[in-house]
Amino acid sequence: MSLKISVLFVCLGNICRSPMAEAVFRDEVQKAGVSDHFDIIDSCGTGAWHVGNLPDPRTVDVLTANGIYTEHLARKLKLTDFKKFDYVFAMDRSNLQNIKRVCPSDAKTQVALFGDYGSTGVSKIVEDPYYGGDDGFQLCYEQLVDFSRNFIQKVVR
Ligand code: 4NP
């Protein structure tokens with residue numbers, strides 16, 4: 001791990017929430033002018049069903065509407081991620097459990113809910129929007145912007 005901070009966002013399929021988190025976080029880092037504080041910003045899933053796929057079109061639509069581009073291809077969480085990343089952020093409690101189950105006991109990475117950085121009144125859980133409507137994706141976006149801004153403020157001094 002370098003002095004710069006590396007952050008990994010994790011959901012189930014790595015096609016809806018975590019690629020959105022990765023893209024939103026990178027956008028917020030750029031907008032805040034703090035890119036030099038960060039090294040690797042990436043995302044993955046705990047499941048392998050969508051490996052190699054581009055994000056869900058509804059994730060792409062919300063990002064595009066906000067001027068954000070993504071070319072992420074889905075991948076599955078792997079053991080070396082716990083060496084490479086300072087923070088591994090889960091979208092929901094089920095993701096968090098799945099990550100903790102495979103995280104080596106001597107890993108120095110911090111595994112947490114990204115929503116732990118949420119503002120008061122913003123739900124800490126980024127609900128799985130896959131089987132729902134477009135409004136679920138919009139809500140994800142709003143939560144992820146909030147968490148990203150708060151996390152950046154907390155770790156960049
Ligand atoms: P994600 O959403 O975990 O936010 O990428 C899902 C995508 C696909 C499935 C479930 C959740 N799936 O069951 O295929």
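Glycine is treated like the rest: Cβ placed from N, Cα and C.
Note: TrEMBL annotation is automatic and uncurated.
Record features, source TrEMBL:
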{"type": "ACT_SITE", "residues": "CYS11", "note": "active site, nucleophile"}
{"type": "ACT_SITE", "residues": "ARG17", "note": "active site"}
{"type": "ACT_SITE", "residues": "ASP128", "note": "active site, proton donor"}
{"type": "DOMAIN", "residues": "5-154", "note": "domain 'Phosphotyrosine protein phosphatase I'"}
{"type": "SIGNAL", "residues": "1-23", "note": "signal peptide"}
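Taking the features listed in TrEMBL, we show where each one sits on the structure.
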{"residue": "CYS11", "record": "active site, nucleophile", "DSSP (3 states)": "strand"}
{"residue": "ARG17", "record": "active site", "DSSP (3 states)": "helix"}
{"residue": "ASP128", "record": "active site, proton donor", "DSSP (3 states)": "coil"}
Counting across all protein chains shown, how many other Cβ atoms sit within 10 Å of the Cβ of the residue listed as 'active site, nucleophile'? 30
List of residues, in chain order, with Cβ under 8 A from that of ARG17 (active site) and at least 6 apart: PHE9, CYS11, THR59, MET91, VAL126, ASP128, PRO129, CYS140, LEU144
As a test of reading the model: what is the averaged pLDDT for the domain 'Phosphotyrosine protein phosphatase I' (5-154)? 97
Residues in the domain 'Phosphotyrosine protein phosphatase I' (5-154) per DSSP class, helix first, strand next, coil last, are 66 helix, 24 strand, 60 coil
